[in-house]
Number of protein chains: 2
Amino acid sequence: MQKIDSDYWLIEQDRGNLTVSYRLKEIIFSEKSTFQHVMIADSYDFGRMLILDGVVQTTALDGHIYNEMISHVPLFLHKNPEKVLIIGGGDCGAAKEVTKHSVKEVHMVEIDELVVTACSKLLPEVSGNLSDPRVSFIFADGIEFAKNAELEYDVIIVDSSDPEGPAEQLFEIEFYQHLKNALKDDGILVCQSQSPLFQPNITRKTFNSFQELFAYADVYYAVVPTYPGGFWSFTIGSKSPFAISNDPLPDLGTKYFNKEIMINSFQLPEFLSEKIKY
Amino acid sequence: MQKIDSDYWLIEQDRGNLTVSYRLKEIIFSEKSTFQHVMIADSYDFGRMLILDGVVQTTALDGHIYNEMISHVPLFLHKNPEKVLIIGGGDCGAAKEVTKHSVKEVHMVEIDELVVTACSKLLPEVSGNLSDPRVSFIFADGIEFAKNAELEYDVIIVDSSDPEGPAEQLFEIEFYQHLKNALKDDGILVCQSQSPLFQPNITRKTFNSFQELFAYADVYYAVVPTYPGGFWSFTIGSKSPFAISNDPLPDLGTKYFNKEIMINSFQLPEFLSEKIKY
């Protein structure tokens, strides 16, 4: 945080050679948990935002883009998703989207309870008023949790922060192997896999891991204005073939996601798929 | 420009509530023209970039996205583009793309000769080695030039900088009225119309002007990582109907543009089209 003239600016420092600074109206919440520094601030251009260890994670302006894409794509690719596991996703945005489907049970495994309580209360644009009896919150280490599940889930969503510090292991093949075991035979695993533009190594590594583990794997993308460069990638895998249904999709009140966007999201621009797939 | 520790950073200041800073390797060129300060610098993440009055205009990393989309969309929507006018576009990237088509004549009207000479020499990733006999450079005010042309062009491309200072009039309906007169009856006009996310008023105003002037008008978008928020809009209009051909398009060696991207680019995400069209 820095005061420039009479304004407060959040200056992101860890993105390497590109720094984005946001003009802030107000700090709403600022506290240190066991795991990280948790802040919610109100910004001029993006509205309220969740900031972990100084890095913007999601905002009122565009949090829906990321959360809709990480949730509805795998759920609509699955024929009948009933039981869903979310690893991470403490802002509750993915869980909110998942509950728009007729699922029966959602396990949300988030390591940091403070993120969930702060976002539920102070970031309603992203978290919604999530109080759905189908959602169980489990405040635990997703890596440990994954080891003990077997043939249980229809869809698993890994909604992690950047692969630094505690989240680093969420990008390792060992972790995906455990998640594969936790999936039913026709289950689908999806994880966020960073910027294909600025961290193509991570997107490529994730895609390669999925190709090694799963018979069917692919990468899709969304455009998230909050993230430098805009382009953001998701990697998806399954033991069984998956395809977009020919039927129209039900309207779930989404603001970015729709069937056309879903189809298009698997067609990465050439200059990006070059970096990842070849 | 600011020195932080031992690094040089270009800190964009005029984007309002969001500031993007680029770590620089080297300033390649820095000179004041009659119109603006012209700089070419080498950056870590984006390679060489053109910076006008402190604002990044185009970069080696992603200049092709913008230039391919502003050029190939109108040229492929026209049945037989022979004579093309480009207003602005001093980085020569749009002209480079236009010459990939079998056009006969390209008039490039750029107010600032210094931008053209600097980019031709020092920003080859964007400008290419543009020395095509079909391209005439006219160093003049595009607004004055537009007033004196009539029923002359198949395609007109307005590749302007932000609507501040000299470029402001390039966003006025009077200017578009002159360009409409400069088009042949089946001619197509396209102009960049800013970020639909952060300057939706400008995109909407441009689209409204086109709707008022032309029987057929639409908005399409591209994702340009250099521009804050990623999403960038283009507005297109014609006196005659235009549609994407069913035939496959010839491969022009593009890195972002292809037929699928062209079709998809007219389907703005709902949360953006809401800001512009309704």
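Just so you know, glycine gets a Cβ as well, placed from its N, Cα and C.
These come from TrEMBL:
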type     : residues                                        : note
ACT_SITE : A:Asp159                                        : active site, proton acceptor
BINDING  : A:Gln36, A:Glu110, A:Asp141, A:Gly142, A:Pro166 : S-methyl-5'-thioadenosine binding site
BINDING  : A:Asp91, A:Asp159, A:Ser160, A:Ser161, A:Asp162 : spermidine binding site
DOMAIN   : A:7-239                                         : domain 'PABS'
* Asked: What residue among the recorded positions A:Glu110, A:Asp159, A:Asp162 has the most other CB atoms lying within 10 A of its CB?
  -> A:Asp159
* Asked: In whole Å, how far is A:Gln36 (S-methyl-5'-thioadenosine binding site) from A:Asp91 (spermidine binding site) when you measure between their Cα atoms?
  -> 14
* **Inter-residue C-alpha distance, A:Gln36 (S-methyl-5'-thioadenosine binding site) and A:Ser161 (spermidine binding site) (nearest angstrom)** => 12
* Could you give the Cα-Cα distance between A:Gly142 (S-methyl-5'-thioadenosine binding site) and A:Ser160 (spermidine binding site), in whole Å? -> 10
* Take the C-alpha atoms of A:Asp162 (spermidine binding site) and A:Glu110 (S-methyl-5'-thioadenosine binding site) and report the distance between them in angstrom, rounded. => 15
* Minimum Cα separation from A:Asp159 (active site, proton acceptor), reported as the residue among binding-site residues A:Glu110, A:Asp141, A:Pro166 that achieves it -> A:Glu110
* Per residue, counting other C-beta atoms within 10 angstroms of the C-beta, which of the binding-site residues A:Gly142, A:Pro166 reaches the highest number? -> A:Gly142
* **Sequence-distant neighbours of A:Ser160 (spermidine binding site) in its chain (C-beta under 8 A, six or more apart)** => A:Ile87, A:Gly88, A:Ala167, A:Leu170, A:Phe171, A:Cys191, A:Gln192
* **Listed in sequence order, residues not in A:Asp91, A:Asp159, A:Ser160, A:Ser161, A:Asp162 with Cβ within 8 Å of the centre of the spermidine site Cβ atoms** => A:Leu52, A:Gln57, A:Gly88, A:Gly89, A:Gly90, A:Ala167, A:Gln192
* To do: In whole Å, note down how far the CA of A:Ser161 (spermidine binding site) lies from the CA of A:Glu110 (S-methyl-5'-thioadenosine binding site).
  => 11
* To do: Taking only the Cα atoms, work out how far A:Asp141 (S-methyl-5'-thioadenosine binding site) lies from A:Ser161 (spermidine binding site), in Å, as a whole number.
  => 14
* To do: In three-state terms from DSSP, label A:Asp91 (spermidine binding site) for me.
  => coil
* Structure fact -> For the binding-site residues A:Asp91, A:Asp141, the largest set of other C-beta atoms within 10 Å encircles the C-beta of A:Asp91
* Asked: Does DSSP put A:Gln36 (S-methyl-5'-thioadenosine binding site) in a helix, in a strand, or in coil?
  -> coil
